[in-house]
Amino acid sequence: MMRTSVNRYVVTRPLYTEDAFIKEHEKVHRQHKTMLDHIKQYLTCDGKRVRNALLSLLPIIAWMKIYRLKEWLLGDVVSGVSTGLVAVLQGLAYSLLASLPAWYGLYAAFFPVIIYFFLGTSRHISVGAFPVLSLMIGVVVNRMVPENGPPANITAFEGLTMNEQRAIVAASLTFLIGIFQLAMGLLQVGFIVIYLSDTLISGFTTAAAAHILVSQLKFIFGLHVQGFSGPLSVIYILEGVFGQITSTNLHDLVTSIVVMVVVLTVKELNERFKSKLPVPIPIEVIMTVIACGVSYAFSFKEYYGVDVVGRIPDQFEAPMAPDLQVFRETSVDAFPMAIVGFAVAFAVAKVYSIKHDYVIDGNQELIAFGASNIFGGAFRSLAASTALSRSSVQESTGGKTQVAGVLSAMIVLVVILALGFLLEPLPKSVLGAVVIVNLKGMLMQVCHVPSLWKKDRPDCVVWIVTCVASILLGLDLGLAVGLGAELIAVVFRTQCPRCCVLANIAGTDIYRDRKDYTSIYEPEGVKIFRIPSPIFFANIDFLRGKLIDAVGFNPLRVLRKRNKALRKIRKLLKKGELTLIWQFQDLTYSEDESSIEDLDLPTDFSDLPVQVNWRAELPANISVPPVDIHSLVLDFSAVSFIDITALNGLKMALKEFIRVDVEVYIVACDPYVFEKLKSCEFFDDEIKTSIFFLTLHDAMLHILQINPPLSVSEKVSKLQHCKGFSVTTTLYDGLFNI
């Protein structure tokens, strides 16, 4: 029965153990599917499953059916044109990160977009080159085809120029990235992205931004610096840049500074007045056009030695088959690239799906990006992901679907086939400046570190370790180190959880950490120990240690001391040197010959005329550690699972307490955990199912029924009989007033 008022409720119900509750309330029997049932269901085919599979594989069918032509088309057209212009510029710029001629970045803004249009589930991300992924590809390209030194021993390299060799490496690597992504999508392992936390991705992308910034310095200063890869490559590149700093091309430097200042200023204005502007000002495109015009008019390349984009072919290169030798050399590099590319794209897609209220499918996104990269790799494209700045343009300019993406690809197509020659005089320093400006968001993540340290120090350590390792060791090794740090942080949190001793808030059935409140009462002789995590092999010893600290004694040590004391008492009684009122001659203690294992067994009073009261005063030369509690309550409300190793450790710990006359109770145990304890033969003659109670308060009321509070006179009498050792329990006010 429950009576309610505005701010109070009163419940009257029986006191429940788990056994009593199950007996009174019949459970519904559910038939759980076996592995064979799941396999049969997966292999069953009917018309509905075929239809759902087709809609899942081709999401375009679903959103095309609801396409609002009059409302969405204009926004998609404006968005497609705006995004296409940005994609052209970023494609040219990001190809420099991959150490490739500029036009290969344009391919990344065309071929993958077409495939994603049909297979992707996100309606707002702009597919194409991603600076971090381009830089990771550039590391592999520089390793296999260095500027100074012989290339890798690849048969397909024979008779080719350096740029052609690098194009083969990048295209084959892109193809292999697509294979990994497609395989993961078909195997339904899209969940793998959850192991890349936001903190790890933030630290990794910040480090990648630092790498990108350093790699662009040679274009900003107009220097010819050898590319490096591997650990400490950032240090070597900086050494090369500053070693040639006196050879800086002032025209490149001034042009870069002007472009960066103007672009940063206008981007800030776009952000400040975005509610008033119909579309953001495409300042990168404007500055690119101006830079092209100025470079052509004043012959920057001929007269001032400025490095420009140069020839852009007005046709697509012939498709190529990937090189299997390159596969073998780059397979270790391709897998983390596949994960990083997908993780970033999925994170951006998830942001827009939540904002616009539609669902994205992680596994289908893997399939879409895998197919896009396989198709793009066959046409010598860079690996595709997404860039937040480009996706922001596509969404903020009114894009509603991937129709905007296809239109942006058409803009890129026009540039490749008809307008590419206009970009030939574009200084590479301008592209470098544009790249650096677009790094602002990633570099500014450093500012979040102090607040992250205040909020969550383990997460902050993961961020710092990932960032520093990625900068110094390279992005591939840095990502591995970051994953290791993240795993260690997870293990630390679960292996060393924050356990606490609970006490009652007077007049309620609420129990909280006794250290956190002033008006809180802990019943005498009772300890309530809360376990705030799953129990498994890695933390069972830690939890047992914390439990011993909480109760103030080691039950196994007490048990062994008691058994040793019993042996001493038996010897004294046998010799007639001890009477039942503890009068005996003072004898020295000698170690018993029995094995140490016998000391861990329950105390046996069968051959003694009386039981020994361990809480009374013992003979002077017999010392047993005191046990100040009569009941121990373990709060299992946060225990979601327990493994076999931990189960055995828990069983041993409970028996140790039971054998020293401490009643043990387990409360709020998850039904799954309770059933597992039953199936694993956890219960026996010493540990019974009756120690499990439905709630913590049920257990406390039961304890106070069998250990009622003593009056003042009873306490005094008890103290006199036990000579200073009290085992009474104090009932605090309000416990029964619930």
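From the backbone N, Cα and C atoms, a Cβ is placed for every residue, glycine too.
Note that TrEMBL annotation is computational and uncurated.
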Kindly point out the range from 250-267, 646-663, 664-681 that TrEMBL annotates with transmembrane segment. 250-267
Output the single range from 102-119, 191-213, 250-267 maximising the number of Cβ pairs under 8 Å to the transmembrane segment (334-354). 191-213
Out of 191-213, 219-238, 279-298, 366-383, what stretch is closest in contact terms to the transmembrane segment (73-96), meaning most Cβ pairs under 8 angstroms? 279-298
Best-contacting stretch, by C-beta pairs under 8 Å, relative to the transmembrane segment (279-298) and drawn from 191-213, 366-383, 403-423, 429-449, 461-492: 429-449
Looking at the transmembrane segment (403-423) and the transmembrane segment (250-267), are there 3+ C-beta pairs under 8 A, with each pair at least 6 apart in sequence? no
Whether the transmembrane segment (191-213) meets the transmembrane segment (102-119): three or more C-beta pairs under 8 angstroms: no
May I ask which of the stretches 102-119, 250-267, 366-383, 429-449, 461-492 has the most CB pairs under 8 A with the transmembrane segment (165-184)? 366-383
For the transmembrane segment (366-383), out of 102-119, 219-238, 429-449, most C-beta pairs under 8 A are with 102-119
Per Cβ pairs under 8 Å, the stretch of 102-119, 219-238, 461-492 packing most closely against the transmembrane segment (429-449): 219-238
Using a Cβ cut-off of under 8 Å, list the residues of the same chain at least 6 residues beyond the transmembrane segment (219-238) that approach it. 96, 99, 138-140, 142-143, 146-148, 210-211, 244-245, 247-249, 251-253, 256, 305-307, 428-429, 431-433, 436, 471-474, 477
